[in-house]
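My structure is below; once you've seen it, I'll send some questions.
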Amino acid sequence: MPSGFQQIGSDDGEPPRQRVTGTLVLAVFSAVLGSLQFGYNIGVINAPQKVIEQSYNATWLGRQGPGGPDSIPQGTLTTLWALSVAIFSVGGMISSFLIGIISQWLGRKRAMLANNVLAVLGGALMGLANAAASYEILILGRFLIGAYSGLTSGLVPMYVGEIAPTHLRGALGTLNQLAIVIGILVAQVLGLESMLGTATLWPLLLALTVLPALLQLILLPFCPESPRYLYIIRNLEGPARKSLKRLTGWADVSDALAELKDEKRKLERERPMSLLQLLGSRTHRQPLIIAVVLQLSQQLSGINAVFYYSTSIFESAGVGQPAYATIGAGVVNTVFTLVSVLLVERAGRRTLHLLGLAGMCGCAILMTVALLLLERVPAMSYVSIVAIFGFVAFFEIGPGPIPWFIVAELFSQGPRPAAMAVAGFSNWTCNFIVGMGFQYVADAMGPYVFLLFAVLLLGFFIFTFLKVPETRGRTFDQISAAFRRTPSLLEQEVKPSTELEYLGPDEND
């Protein structure tokens, strides 16, 4: 089998690894600008919560007229705020179903370009909401930016995974998550009262998401389309060859094109799949279950509960400056994503995911103990900060970055878009459930709420240990072929997953 455009043959017979070209860097950077916006809009709603609620109150009172109540009912305000947070996920849930259709119709690059229409509209609506005295406009803007993020969550990993060299696919795939966490951190810093988190400037804070959208619109036209899409899906050999030359920096891409031809021949029996075809396929049942459970492990870990409500969590823990503690969590978030970038090709996807889940489970238990003892032991406020920081750090080691790009690795070209849609919908559905329901569950369970996440994390750890294979260093064709040789998840005996069991020996061994 040709070693692929990830490794291009040399005269001495030893296939050198593809170098990192300027075009590859530009393409990855331009793509992950979408992920930056995704993260920004996760974090931007947190710090200015109080001033936005004051705006909601003023808007509501203005509609009541003279002789009305003095303030908005607390239940109404809680519902409006929860809706403002969770509607973002509703937009993502709906648009994630369109990932496969749009990516096949427009191509990966043009789909990302067209998606920016939603970002510009959503940002503009959120920026104008206060001037229009309408929380409905803000909620609509959050819905549109959520729809943008839903498409981004599938399009970016798909594009980056298809243009990345095999030996860098994990590291470059992790940059998607790095951009998300940088976006969260930027939003948290700009949301401080000393920055844009004020009663007059918060609309600008929400509208700033337009800037990376405009930058992406400028840069993406200079980037190549995915050569896998061009050749395997569109059968355009000339444009695919040109794209390969730009990405690899090699004048002769015959070996690279040979791999695509070989993959295309094998996929002639595996045409692009619809959602219904994928869901009914026995061949793809096992990787689909793994993909969905990995997405659930990310969202039901409790991480978005921490990000959405981190300020209020730190307040309940007795932290004097909760907004700054939240930013500290954002810094930890970013630093440990960088750690994951460095480790993912050395330690492997499965190992990092297991480590992250185990660490998060321990931190969730520690957080529960700290919150329970807070009234009797004031120093527990510092323990709670350490627990949250540890929770975030372990998330970014594994459950944060791994699920997004491993879906693209588990599937061949035919079912990949539909699989990304299923995985994306699963992720966004859980995001919505956590965003809408966490505050109510936290009110009911108090400090014990993170024990619920600890139990879920333990379950995901067991599943990953038993069923998730290692994909490091494998081509897409090798991974999909291994699943075709392996019995369905429902038919296997329960035993630990190993790289050798699923993927066979390393071709270099």
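All residue numbers here begin at 1 and follow the chain in the order shown.
Cβ atoms are placed via backbone N, Cα and C, with glycine included.
So Swiss-Prot says this about it:
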type	residues	note
TOPO_DOM	1-23	topological domain 'Cytoplasmic'
TRANSMEM	24-44	transmembrane segment
TOPO_DOM	45-80	topological domain 'Extracellular'
CARBOHYD	ASN57	N-linked glycosylation site
TRANSMEM	81-101	transmembrane segment
TOPO_DOM	102-110	topological domain 'Cytoplasmic'
TRANSMEM	111-131	transmembrane segment
TOPO_DOM	132-141	topological domain 'Extracellular'
TRANSMEM	142-162	transmembrane segment
TOPO_DOM	163-170	topological domain 'Cytoplasmic'
TRANSMEM	171-191	transmembrane segment
TOPO_DOM	192-200	topological domain 'Extracellular'
TRANSMEM	201-221	transmembrane segment
TOPO_DOM	222-286	topological domain 'Cytoplasmic'
LIPID	CYS223	S-palmitoyl cysteine
TRANSMEM	287-307	transmembrane segment
TOPO_DOM	308-322	topological domain 'Extracellular'
TRANSMEM	323-343	transmembrane segment
TOPO_DOM	344-352	topological domain 'Cytoplasmic'
TRANSMEM	353-373	transmembrane segment
TOPO_DOM	374-384	topological domain 'Extracellular'
TRANSMEM	385-405	transmembrane segment
TOPO_DOM	406-416	topological domain 'Cytoplasmic'
TRANSMEM	417-437	transmembrane segment
TOPO_DOM	438-444	topological domain 'Extracellular'
TRANSMEM	445-465	transmembrane segment
TOPO_DOM	466-508	topological domain 'Cytoplasmic'
MOD_RES	THR486	phosphothreonine
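Set these features in their place in the structure for me.
Long-range contacts of the transmembrane segment (24-44) within its own chain (CB-CB distance under 8 A, at least 6 residues past either end) are made by residues 88, 112, 115, 119, 142, 145-146, 148-149, 152-153, 155-156, 159-160, 163-164, 172, 175-188, 190-191, 205-206, 208-209, 212-213, 215-216, 219-220, 222-224, 247, 304, 307-308, 330.
ASN57 (N-linked glycosylation site) has a Cβ environment of 17 other Cβ atoms inside 10 Å.
Sequence-distant contacts of the transmembrane segment (81-101) (same chain, at least 6 residues past either end, Cβ-Cβ under 8 Å): 41-42, 45, 49, 52-53, 56, 118, 135, 138-139, 142-151, 153-155, 158, 274-275, 308, 417-418, 420-421, 424-425, 427-429, 431-432, 435-436, 439-440.
Cβ atoms under 8 Å from those of the topological domain 'Cytoplasmic' (102-110) belong to residues 151, 154-155, 158-159, 162, 220, 223-226, 229-230, 233-234, 272, 417, 420 of the same chain, restricted to positions at least 6 beyond its ends.
For the topological domain 'Extracellular' (132-141), the residues of the chain that approach it from at least six positions outside its boundaries are 52, 55-56, 58-60, 62, 80, 83-84, 87, 121-126, 206, judged by C-beta separation under 8 angstroms.
Same-chain residues lying 6+ beyond the ends of the transmembrane segment (142-162) with a Cβ under 8 Å from its Cβ atoms: 27-28, 31-32, 34-35, 37-38, 41, 45, 84, 87-96, 98-99, 102-103, 108-109, 111-112, 115-116, 118-119, 121-123, 125-126, 169, 172-173, 175-176, 209, 226-229, 404-405, 407-409, 416-417, 420-421, 423-424, 427-428.
Each residue of the topological domain 'Cytoplasmic' (163-170) gets a DSSP state, and the totals for helix, strand and coil are 6 helix, 0 strand, 2 coil.
Proximity of distant same-chain residues to the transmembrane segment (171-191), defined by a Cβ-Cβ separation under 8 Å and at least 6 residues beyond the stretch ends, is recorded for 28, 32-44, 46-48, 156-157, 160-161, 164, 197, 205, 208, 307, 323, 326-327, 330-331, 333-334, 337-338, 340-342, 344-345, 396, 400-401, 404-406, 408.
Averaged across the topological domain 'Extracellular' (192-200), the predicted model reaches a pLDDT of 89.
Within the chain, the transmembrane segment (201-221) has long-range Cβ neighbours (under 8 A, six or more residues past its boundaries) at 26, 29-31, 33-34, 36-37, 40-41, 44, 48, 51-52, 55, 109, 112-113, 116, 119-120, 122-124, 126-131, 138, 141, 145, 187, 190-191, 195.
According to its DSSP assignment, CYS223 (S-palmitoyl cysteine) is coil. Listed in sequence order, THR23, LEU26, ALA27, SER30, ALA31, LYS109 are the same-chain residues six or more apart from CYS223 (S-palmitoyl cysteine) with CB atoms under 8 A from its CB.
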Please identify the stretch among 287-307, 323-343, 385-405, 417-437 with the greatest number of Cβ pairs below 8 Å relative to the transmembrane segment (445-465).
287-307
With Cβ-Cβ distances below 8 Å as the criterion, list the same-chain residues six or more beyond the ends of the transmembrane segment (287-307) that contact it, or say none.
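Here the qualifying positions are 42-43, 46, 184, 278-279, 313, 329, 353, 357, 360, 364, 388, 391-392, 395, 399-400, 402-403, 406-407, 410-411, 419, 422-424, 426-427, 430-431, 434-435, 438, 442, 449-450, 452-453, 456-457, 460, 463-464, 467-469, 480, 483, 489.
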Quick one: find which recorded stretch in 111-131, 323-343, 385-405, 417-437 has the most Cβ pairs under 8 Å with the transmembrane segment (353-373).
385-405
